[in-house]
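Novice: Pasting the feature list from TrEMBL:
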COILED    367-397  coiled coil
DOMAIN    323-375  domain 'HAMP'
DOMAIN    397-589  domain 'Histidine kinase'
TRANSMEM  40-60  transmembrane segment
TRANSMEM  303-326  transmembrane segment
């Protein structure tokens, strides 16, 4: 029982191992669990797959980040240009309002108006190209550019007449209007801003030189193309190109005209739009797709190369480790299989000093130790065989040379008792003492023979009904007023004669130590049977000694009874232990029932 308890404790020491083993058996096929090479290969494949997946995810993430950054820079360029154009437009609108607020227009004096316009132009922004005053009749009567006086705005440019017409149509006309596109004059790109004058019925026109500040916008530089488009999609700074841009029909362009910065990726280019406040214009910045995403593709390619190199390295390491680990283990397995067949001369040499070499060395030590132990066991077996032969000779001698004289002595004692029937009481007591001594000598001889012969391993057993043998053994013991109760006694595989002797000794022990009126019970357990009595039990300090050879608490006892019980139990391959909480209870375990045989 103690061995079982220690075994259970050792098993409880590793619950995590048992859980791991169960999960491994559940999810890992048997052919994988049985082959280290397969497990090694699968592990490397898993590592390679993880590297590939992580590398692929990294490529996608880095590519997205760099592409987002490139698109943000393109949008920033468009927004920055839009802000610059918006500042210029705001400056020119402010200049137009200043020019329209003068009182000189009420005089309708061309000279006075021209002088005032020149003063305003001189004091204004450097981007002011010219200032015209258009009277109510639609003629330029005064201008800082004398060449356009007495001309109509239409004669100058439609880009001038359109804003003039816009602010002159009716009372709902805007207070300020500007050209939809620039026009060319005097080798400059010009935009007209028109506003009705405060004093008088005319319109003042401020012409700004947008080309002076933004000529670079319609020129492609460094693979980036920037244009200012009007509501029709035509280039504001490209008056000679009247065809709308291909992007004019896109949703992104429409969103930009409504005031939202947008970006669209087309087949060959990426286009960013940024609205210009206070002007029906949009700044468009475009760059070829190959240029915008060139960095991201280069980085992605480099990462893929790195992942590929890593995978190749893993494969190389796998090949090296496989040759250095798996192959030696396979050779070692084959040699241990030879050892398992009994060949203990197999070579386990290894020149390696690492764990593999240490494993070879440990197995070599185990082989040598096993070979030595087998030799010692064979020698011990031969010695045991010789001792058993001597013991058999001794038992035969005891049985023949001692028991025969005892039989003769007992017969003579019987004759003397008959002849001395009338002898005095003292002589009869001496004869009884001699007879008692002879009985004790015979008992000792029987017990010694049982110990000598009963300890031999039982090779053949037969189905034995425990209840039948128990009642037979009970009938051979002087039980006085004691009672026997048999309950659920199984049929077991045993040597009938030795089992009977075992039960006789237990019954005799119960009657001798628990009293003549003891109750003895015998019954089955989960893996054996028990024999119990209701006596006073065995003191704790004596419980471990009861099975020892020669141990007894009775003056007339031989001390061999329970030793014989244990000897016969062990010869059957059973375990026997004592429980003595209430009375004595002898429990026999590891008993093979007849059904199991």
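Numbering starts at 1 and runs along the chain as displayed.
Placement of Cβ uses the backbone N, Cα and C atoms for every residue, glycine included.
So where do these features actually land, and what's packed around them?
Specialist: Taking H, G and I as helix, E and B as strand and the rest as coil, DSSP gives the domain 'HAMP' (323-375) the counts 39 helix, 0 strand, 14 coil.
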Novice: Take the transmembrane segment (40-60) and find every residue of the same chain, 6 or more past its ends, with a Cβ under 8 Å from one of its Cβ atoms.
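Specialist: Distant contacts of the transmembrane segment (40-60): 32, 300, 303-304, 306-307, 310-311, 314-315, 318, 321-322, 325-326.
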Novice: Roughly where does the domain 'HAMP' (323-375) sit in mean pLDDT, to the nearest integer?
Specialist: 80
